[in-house]
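Copied over from TrEMBL, here are the features:
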DOMAIN    18-404  domain 'Major facilitator superfamily (MFS) profile'
TRANSMEM  51-72  transmembrane segment
TRANSMEM  84-103  transmembrane segment
TRANSMEM  109-130  transmembrane segment
TRANSMEM  142-166  transmembrane segment
TRANSMEM  172-191  transmembrane segment
TRANSMEM  223-249  transmembrane segment
TRANSMEM  261-278  transmembrane segment
TRANSMEM  290-309  transmembrane segment
TRANSMEM  315-341  transmembrane segment
TRANSMEM  353-373  transmembrane segment
TRANSMEM  379-398  transmembrane segment
Amino acid sequence: MLKRFMISRDNKFFVAQITLLLAMLTAISPFATDTYIPALPTMAKYFGQPINMLEISLTVYFAGVAVGQFLGGPFSDSFGRKKVALTGLFLFSMSSLLAVFVPDVRLLWVLRFTQAIGGGCASVVNMAFVRDWFEGKQVARLSSLISMIMMMAPLAAPVIGSFLLLSFGWQSIFIFMFSVSLLAFILFYMLMPESRGREFITNLVTVPQFTKSYVRVFSSPKAVFLVLANSFAVAGMFTFLTGASFLYIDFFKVKVSHFPIFFGANILLNVALTFINFRLVKTIHPAKLLHVGLLLQLASGLLLFYAVRQDIPNLWIVFSLIVLFVGSLGLVFSNVVALILNQFPEISGSANAVIGVVRFALSGAVGSLLALFHTGTPIPMGTIMFGCTMLAYLLFIASKMTSE
């Protein structure tokens, strides 16, 4: 009965329809972080804890996503993409609902971790769906298109989070997460076809099979360097996400109602550069566009490193440099994904999992450094962001000097 609702590859709108569904799936995780960030100072007061204890909940979330993607990639290769996505969405929605009633910050960490495992399982299959149906530069183009649509989530999320926080309290943010993930579950269940060929679905994952795919990806030096370059570039952004509420609301005294404007500017530039990437990747190799993106991030990171060390850091200079730093990822992520997945077409689920696992594990580790070295100034944030982008660029150069 449900088959009549499912999207058909014969439909001329097939690409547009699956792109929207995959973008919605991918947007679940940004909603879980970006609606939540404006509430951190309020939640710190509610639980009677310093803000770095709430920042740890973001670090825990990144670690949970890494675990979810580590498990979800190989499982999607064996059980199919759709089953893994639906399982992840269910776990995410239930954890979100339970978080509404959490009485203690440490229990919040636990629920954020399980929520993140679900989000990781759901999001890791998005590019595996794409690679099952498409190949070559089309993968990079669709990845860019999905990223552009998905970026509407972090653009809207702080606005939604701030509104819910000021109108109904921080608990309403988790009710919102529950509602969005439940809607995604229903739509995905009814509309999304399975992309994994039946001959590849074994419904069985053994330990050797589980590790074989990962060993294959990690045995390619070029892939490893690209994965690490992408991970450090993104870890720099997650460093900003972890400390954004402190930076703008606590340090620069920006009003909570104005926070979405400062946060959303990052996303606008990211979307703009992702769109440019979408148009240019038809004629320019993804590696060249990736190089430009990493250079932009390195330049903004170096200037930010200097700006936060001034006696009185200037809000608008710091803000502008962070916008360029985060926005430059519009030329990074889609191209890294395309370069790696095209190298491993038959194990795209596991390959995409490697990208996600390393990215979120590294982001979690870097985020914990920010919480650990919290000084009440933006200096730790600027220093860590610069260190991340410098390592990302050096690793990319290493990948260019290495054969597959």
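Cβ coordinates are placed from backbone N, Cα and C, and glycine is handled just like the others.
These figures come from a predicted structure and were not determined experimentally.
At the 8 Å Cβ cutoff, the transmembrane segment (261-278) and the transmembrane segment (109-130) share fewer than 3 close pairs (sequence separation 6 or more) and do not count as touching.
Within its own chain, the transmembrane segment (315-341) has Cβ neighbours under 8 Å at 127, 131, 137, 139-140, 143-144, 147, 217, 223, 226-227, 229-230, 233-234, 236-237, 240, 247, 252, 254, 262, 265-278, 281, 286-287, 289-290, 292-294, 296-297, 299-301, 303-304, 307-308, 348, 351-352, 354-355, 378, 382, 385, 389, counting only residues six or more beyond its boundaries. With a cut-off of 8 Å between Cβ atoms, the residues of this chain six or more beyond the transmembrane segment (51-72) that come close are 29, 32-33, 36-37, 40-41, 43-44, 84, 88, 105, 108-109, 112-125, 238, 241-243, 245-246, 250, 349, 352-353, 356-361, 363-364, 367-368, 370-371, 374. Within the same chain, residues 33-34, 37-38, 40-41, 51, 55, 58-59, 62, 217, 255-256, 259, 262-263, 266, 293-294, 297, 301, 318, 322, 325-326, 329, 332-333, 336, 339-340, 343-344, 351, 354-355, 358-359, 361-363, 365-367, 370-371, 374, 378, 380-381, 384-386, 388-389, 391-393, 395-396, 398-399, 402, 404 sit at least 6 positions outside the transmembrane segment (223-249) and bring their C-beta atoms closer than 8 Å to a C-beta of that stretch. Here the transmembrane segment (353-373) sits against the transmembrane segment (109-130); at least 3 CB pairs are under 8 Å, leaving out pairs fewer than 6 apart in sequence. Within its own chain, the transmembrane segment (109-130) has Cβ neighbours under 8 Å at 18, 22, 25-26, 28-29, 32, 56-57, 60-73, 75-77, 81-82, 84-85, 87-96, 98-99, 102, 139, 142-143, 146, 177, 181, 184, 195-196, 337, 341, 348-349, 352-353, 356, 360, counting only residues six or more beyond its boundaries. Across the domain 'Major facilitator superfamily (MFS) profile' (18-404), mean pLDDT in this model comes to 85.
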